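**Q** A single structure is presented below for examination.
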Amino acid sequence: MIDKLTNRFAAKLDARERRQQQLQRQREHDEQQQALIDPRVLPASAEGAPEQLELALEQPAASAPAALVSPVVMPAARLHGEAYLLPPLALLVTEQSPVAVDESDIAEQRKLIQDCLDSFNIDADVGAAICGPRVTLYQVNVARGVRVGMVSAIGKDLCMALSAQSLRILAPVPGHDYVGIEVPNRRAQVIRCGGVLFGPAWGQAKGFLPVIMGRNIQGEDVFLDLSKAPHLLVAGATGSGKSVCLNAILMSLLYRFSPEELQLILVDPKVVEMNVYAKLPHLVVPVITDVQLVVLALRWLINEMGRRYRVLAKVGVRNLESFNSREPSAAVVLDDEGQPIPAKMPYIVLVIDELADIMLSSRADVESGLARIAQMSRAVGIHTIVATQRPSVNVITGVIKANFPTRVAFQVSSQVDSRTIIDGKGAESLLGAGDMLFKPPTASRIQRLQGAMVTDAEIERVVEFCAAQGDAAESFEVIKQAAPDVPGDDSELADADDDAGAGDENESLVRAAMEIVIRDHKASISYVQRRLRIGYNRAATLIDTLEKRGVIGPQLGSAPREILVDSMEAAVGDEDY
């Protein structure tokens, strides 16, 4: 009996010693990994960090990779006088899967391509292969005197010979003397947003407003400076990766800017996509899900754009970057409204997750508002990111395309949709799930990228970390107080059918619209809006007023309204006119 108890006690001591050794090895491993972390990323200071931030890190850190258990943060600006800490990389998954391409697969596919070329008597040799995260590019060297279009002509035959889902032929590859054939890999590499943010390329990314786009076929991380874009159009079919792309862009912004350096306006007609960001202190207003509020948000941005231009003119600088980097003035400088000019102004990024639903209800207002912002807002730090799953000409109009030079095309169903987005074919051959064609603002060459992935759980952890340091917007009063296009109130104009009840200013506007309609024989809302240079809602109210006064007839289907009078004298009377 004594021997049995002695053996049991000795076994417990051995087990305890093994556990202590295991814990010691784990601590040493964590310290080694912490020493390898990018020197740009500094550990959190125990003195300046609020208590609630430490509690917010306990749960996510448990599910993070073992190499990044210790919270890592970057110093940022101050929020309301207190130190604001950027989210640590420990909140994101940073593990990257290797490129899953076997040498035997490459040799086999190279032989199949060569056999297919030989069977069609095309004098060409298959050269080197470049393995990317999603596709492998095979270089085809065409002999002198052979048209490169012959390789493109057998694209379907190559696809069948390789048993590929789809393939893309670049005839030739821009800037090179060979034809490229992109063949899907049998196993795709998953690109993690955390891995890109943890990589050295992110620390070397140039620009004032860098965002993550993805990884190219050479294995290089590609970033976009949103300040030079200056606006981004994202389009593709359902499930192709648009929302994940927007999430990666937002994550890259949250990991670099504090709420005093960046403000966001998120528009989500689908209600569920952007709801996870509702607690962010970066938001100007809560996440917008009502289509009617989008017009108010655009109006507020236009007013803010004008105010910022006046401030820049007052200070004597040309853009927001020069304004924020100027030497602070000792004397207080007031703007036109008598308010002190701040030392710095934040960037403002408008993100619209689904443009098609908004265009269906308020096409004219949204299109004109986006065009005006896109044309003039670059210098004052206001940028827009617009996404849609319906890349048709009714949604991506010529006005929008002309003002959004930077575009991303995900998988679409036809060449027509591809040409609508990037002015060329190729998007119909993409593989989906983050496979994209990226058209930079300056370079003419379109790049094929694999987008970075970020999960809902990672987004929630980052948002909770940011929300613990500041309050989110709770009302829409900021955009509801935006001034209308011209002085006056639409409700007063709606009652302008009674001369006694309308003001002189409203009555003059009604008469101006009446004169235009009678003279030009055009009684449409958009025509009155363009001629008088007013907003869509005000022009619609004017048309309703003219109908009540008997100047024009009612709207009957798609036919134009009938003009019921032929002169201003008949409309208002000889004495009044």
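Yeah, the Cβs are placed from backbone N, Cα and C, and that goes for glycine too.
Since we're looking at a predicted model, the values are computed, not measured.
Sharing the record's features from TrEMBL:
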type	residues	note
BINDING	G236, A237, T238, G239, S240, G241, K242, S243	ATP binding site
COMPBIAS	22-32	compositional bias 'Basic and acidic residues'
COMPBIAS	487-505	compositional bias 'Acidic residues'
DOMAIN	219-419	domain 'FtsK'
REGION	22-41	region 'Disordered'
REGION	484-505	region 'Disordered'
**Q** Quick one: which residues besides G236, A237, T238, G239, S240, G241, K242, S243 have a Cβ within 8 Å of the ATP site's Cβ centroid, in sequence order?
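**A** Other same-chain residues with Cβ inside the cutoff are Q389, F410, Q411, G432.
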**Q** Please report the DSSP secondary structure of K242 (ATP binding site), reduced to three states.
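**A** DSSP assigns K242 (ATP binding site) to helix.
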**Q** Using Cβ atoms only, which residues of the same chain lie under 8 Å from G239 (ATP binding site) while being at least 6 residues apart in sequence?
**A** G432, A433
**Q** Note the mean pLDDT of the domain 'FtsK' (219-419), expressed as a whole number.
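**A** Value for the domain 'FtsK' (219-419), mean pLDDT as a whole number: 89.
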**Q** Identify, among the binding-site residues G236, G241, the residue whose Cβ has the fewest other Cβ atoms within 10 Å in this structure.
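**A** Counting other Cβ atoms within 10 Å of each of the binding-site residues G236, G241 gives the minimum at G241.
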**Q** Return the count of C-beta atoms lying within 10 angstroms of the C-beta of K242 (ATP binding site), excluding that atom itself.
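**A** Result for K242 (ATP binding site): 24 neighbouring Cβ atoms inside 10 Å.
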**Q** If you draw a 10 Å sphere on the Cβ of S240 (ATP binding site), how many other Cβ atoms land inside?
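**A** Cβ-Cβ neighbours of S240 (ATP binding site) within 10 Å number 25.
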**Q** If I restrict to non-local contacts, at least six residues apart, and a C-beta distance under 8 angstroms, what lies near S243 (ATP binding site) in its own chain?
**A** E273, D353, A387
**Q** Where's the emptiest Cβ shell within 10 Å among the binding-site residues A237, T238?
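**A** With the binding-site residues A237, T238, fewest surrounding Cβ atoms within 10 Å: T238.
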